[in-house]
Amino acid sequence: MNVTVTGAAGQIGYALLFRIASGQMLGTDTPVRLRLLEIPQGVKAAEGTAMELDDCAFPLLAGIDIFDDPTAAFEGTNVALLVGARPRGPGMERGDLLEANGGIFKPQGQAINAGAADDVRVLVVGNPANTNALIAASNAPDVPKDRFTAMTRLDHNRALTQVAKKAGVPVSEVRKVTIWGNHSATQYPDIFQADVAGTPGARLAEDREWLEGTFIPTVAKRGAAIIDARGASSAASAANAAIDHVRDWVHGTPEGDWTSAGVVSDGSYGVPTGLISSFPVVSRGGSWEIVQGLELSELSRGRVDASVAELQEERQAVEQLGLV
Ligand code: NAI
């Protein structure tokens, strides 16, 4: 399998590549060839990471190539992890941020369209992830839209642990938590349908002070709390979530549970068609399916709508910029 990783010399790239090469993402029977994409200034550092990958002598690692040209980097790719993105600089408005990222994700979408393998699967990690995924998908007209996804798995995993801690149960006993909407501070972690070691999540949600005052803000603002504590943004946990996302996409989600991913909306739950929004999803036969038939509480409905409204604003902004 050819795996392209953009932003390969960054901190998530450093936490991600060794796990891919060791077989944790695609399985221990699948050899991988890594294709690393960096900007020219990042190539030397990527070469250093490639030297370390060589020094691990991973039996599954069939080769490493380094590029500063997206067209070459996505040639024949089966799995594309779009991690490199333009961070928000001082004084940068949202429109500037979307425009700067459009300059990255538009050509990458075009390059995927031109040369990726027919079965390509794309995960966008770089922020603003949902709208960057929308830009890439819109610029790859020959690739089915459902092959473009945005990462909300880190938010999902954060929510699982917060629920487990509140209930005093192992995290493995928390199921059916959902992240809805945008990977931003408006995201909505929903526990109303959850199964918490046999107890309905709705019962935990009866403690509204905890739900609205602690749980939701803790999950939604976790990224900022990590930066505050670590002096750098989440990297190993983000890489771990990317591994989880692709592994489940390729190999399927466990029976009796679901996960969360930013996928193209088919209009489910009133989310406008074509937006890349986070939903409860299962993976069957190598494709994501949105879990149907969940009843949203009044609180959930309002929060989902607010996050989706933000996604619509972002879509309008990138439409006006001619990026989609
Ligand atoms: P970083 O700044 O350490 O690394 C980013 C790398 O991308 C740099 O090496 C840079 O040279 C490279 N890059 C920039 N433009 C590029 C381009 N056009 N093509 C190829 N490479 C390019 O950043 P870090 O910590 O690795 O984070 C990467 C992104 O992931 C950020 O946008 C961050 O906000 C996002 N993120 C998303 C999360 C999620 O849950 N969706 C969680 C954590 C981070």
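Each Cβ is built from the backbone N, Cα and C atoms, and glycine gets one as well.
Positions annotated as active site, proton acceptor by TrEMBL: HIS183. In the structure as shown, the Cβ atom of HIS183 (active site, proton acceptor) sits within 10 Å of 31 other Cβ atoms.
TrEMBL lists GLY7, ALA8, ALA9, GLY10, GLN11, ILE12, GLY13, ASN101, GLN108, VAL125, GLY126, ASN127 with the feature NAD(+) binding site. According to DSSP, GLN11 (NAD(+) binding site) is assigned to a helical segment.
Secondary structure from DSSP puts ASN127 (substrate binding site) in coil. Summarising the annotation, TrEMBL assigns substrate binding site to ARG88, ARG94, ASN127, ARG158.
Summarised as a single figure, the pLDDT of the domain 'Lactate/malate dehydrogenase N-terminal' (1-142) averages 97. For 1-142, the entry in TrEMBL reads domain 'Lactate/malate dehydrogenase N-terminal'.
Summarising the annotation, TrEMBL assigns domain 'Lactate/malate dehydrogenase C-terminal' to 152-318.
According to DSSP, ARG88 (substrate binding site) sits in a coil region rather than a helix or strand. Looking only at the recorded positions ARG88, ARG94, ASN127, ARG158, HIS183, the one with its C-alpha closest to GLN108 (NAD(+) binding site) is ASN127. When the binding-site residues GLY7, GLN11, ARG88, ARG94, GLN108, ARG158 are checked against ligand 1, GLY7, GLN11 have a Cβ within less than 6 Å of one of its atoms.
Counted with DSSP, the domain 'Lactate/malate dehydrogenase N-terminal' (1-142) comes out as 64 helix, 26 strand, 52 coil. Within the same chain, residues at least six positions away from GLY13 (NAD(+) binding site) with a Cβ under 8 Å of its Cβ are VAL5, GLY7, LEU36, ALA46, THR49, VAL83, GLY84.
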